[in-house]
Amino acid sequence: MLKHPATKYRPFPPIALPDRTWPSKTLTRAPIWMSTDLRDGNQALFEPMNAERKMRMFKMLVQIGFKEIEAAFPAASQTDYDFVRELIEGGHIPDDVTIEVLTQAREDLIRRTMESLRGARRAIIHVYNATSPVFRRTVFNTDREGVKRIAVESAKLIREIAESMPETQWTYQYSPEVFSGTELDFALEVCNAVTEAWDPTPAHKIIFNLPATVEMATPNVYADQIEWMHRHLARRDSILLSVHPHNDRGTAVAAAELAVMAGADRVEGCLFGNGERTGNVDLVTLALNLYSQGIDPGLDFSHVNDVARTCEDCTQLPVHPRHPYVGDLVFTAFSGSHQDAIKKGFAVQKPDAIWEMPYLPIDPADVGRTYDSIIRVNSQSGKGGVAYLLESGYGIAMPRRLQVEFSSTVQQLTDASGREATAADIWALFQETYLRADGPIGYVSHRLAERDDGSQHIRLVVNIADREHVCEGVGNGPLDALVQALAAVLAAPVSIHHYEERALGQGANADAIAFAELAAPGVAGSVFGVGIDANLTTASIRAVVGGVNRLAARHAQAQPGQSLLRRGMAPSMELA
C-alpha cells in the first residue's frame, strides 16, 4: 500500500444538494423487486448455470414471490436464447410474472433479443450503454453526443420492433451504465432524450435503471444522486426509477435502502449478493431488513435454508456462515454473556408478543430456522449457553449455582479439546460428572416410613468398598432423615444448602430430577449432586448421595491421605 494514497486516488466529489430530503425519510413499504440472478448473477459464475439449473432457479424465484425476473442475455449465447424460448413456449411464466432480458445498444443484438421474446404475454427489454467520462474516453472513444445518440436510436428501434409484435405488452428499461460515475447533468440529458424517444405514459411507464455499476462512494452520495435525478427527470409520473447497486465498497445494502428513501421505486439485485466482482446488492438481506421493521417485503423467505441450499447447488458458490439472516452462524451465540441474555430473553418472550430478544433481530422460526443452534459452546462460552443446551435438548433445567459450577467443567473440556462442545458432548459430560454410579458411596436401596410423631425414618443401604452398610436416621423430613443416616458413615457432618426437584417431561410416567447443594466442614465451598429416577424420593436420595461423593472427592484433593468417610470405611478410590 502507498504511504500517501492521495498521490494515486482521489475522493469522490460530493453532490450539491443542500436541501436533500432523504435523511428525514423512513422506509414504509417494499420497492418493486427485480431478480437478476439468472443474468447478472449467472454471468459472474466460474461455471454458468446450465438449462436445468437455470430452470430450478427460475421456479424458486417465482415461488419466493418475484414478479420481475431478468432471465437472460439472449444475444450473448445460444444457451440463453434457448432458455428464454423454453420459458415462453413451455408455459413456465405465471400470469403475474414478467421476464426481463438484457441487450447492448447494437441493432443486430437488439433484433435477436426481441425475437427471443416472441409470444411472451409481457416482457421488459433492457438496454444499456456506458455514459461515464472514463468509458466515453477510454473504452468507446466518443463524446457526450455520441453516447446520447446510441441511447436514443436504440429506444426508437425497439419501439419500432415492439409495434410489429403487438401480442406482447412491452416495457422499456434503459440503464446509463456506470451511472454512479456519470455527471448528473449528462445522465439527466440522456434519460430525458430516451423518454422523448419512447414516449411513456403514466399507464405504461418506462424504467430508468440507475446503476452503481461500480460502487465509488459512501451510500449517502448514491442517495443524493438518486434524489437529484428523482427531482429533475422530465415526465416523472411516467417513469419507474430503479437502482442496481454493486457492493465494491461493501455498502450495497445501505445504498439501496437510502436510494429508496431518496425516491427509487424499484431495486435490482441477486439472492445472497451474487454478481460481478463483489456482487450485486443482496435481495435477501434487503427483504428481511424490511421484515424486521414490521414491513411486508412481498417476498417469502419462510424456508430460507432451502433457498440457500438451492442457490449453492445452482451457482456452486457457498453462502457465508456469517451471511445476514441466512448463514449457519448468524443465529448462534458462543459468548457467555450473549448466551445468558438470550436464555433470559426466551424465558420471558410471549408467543404472540412483539419480538424483543437480546442479540436476535428476528425470530429464527419466521425464516424456517430452528432454535437448536442458537446456543453453541466453546472456550469463550459461559453458563447461559451450557444451561440452554441442556434444557432445550434434554429437559435439564439446572439451578443457577449449578449452572455456574458445571460451566467451569465444560470450560475445562473445551480448553483441553480446542473445539466446540456439542449438546451431546455436554450431556455426556453432565452424566459423567453428576449421574455416574461409581464413587465412594453407592446407593443400593432405601425404605422410608413416617413415625407417630410425624417425623420420618429411613433405612438406607449403601455400598462402600464392595461392602453393604445399613444406615438409619430420623428427621423432620426425608432429606433430614437421610443426612442423619449418612452420618453413620461420614467423618464430618454434611448439610444441604439448597434443594430443588422437578419432573423431566410431562405426564404421569415422567422421571423426576432432584438437585441437592451440599457442604461439609473442611471442604471449600459447596457442590451439587443430581439424581434422576422414576420415583421422586429415590431421585432426591441419589442426588444427596451423589453430592456426598463429590464432596468426598474435593476433600481428598484438598487434604491428601484423609477421607470424608469414617475410618475403616474409606475406599482407596477417589472421585475425579
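Just so you know, glycine gets a Cβ as well, placed from its N, Cα and C.
Take the Mg(2+) site that Swiss-Prot assigns to His244, His246, Asn280: the candidate from Asp19, Asp40, Asp511 listed for it is Asp40. A count of other CB atoms within 10 A of each Cβ picks out His244 as the most crowded of the binding-site residues His244, His246. Cβ neighbour density within 10 Å is lowest for Asp40 among the binding-site residues Asp40, Asn280. Within 8 Å of the centroid of the Cβ atoms of Asp40, His244, His246, Asn280, where the record puts Mg(2+), the same chain has further Cβ atoms from Thr36, Pro211, Thr213, Pro245, Ala252, Glu268, Gly269, Cys270, Gly275, Glu276, Gly279, Val281. Sorting the region 'Regulatory domain' (437-576) by DSSP state (H, G, I as helix; E, B as strand; all else coil) yields 32 helix, 55 strand, 53 coil.
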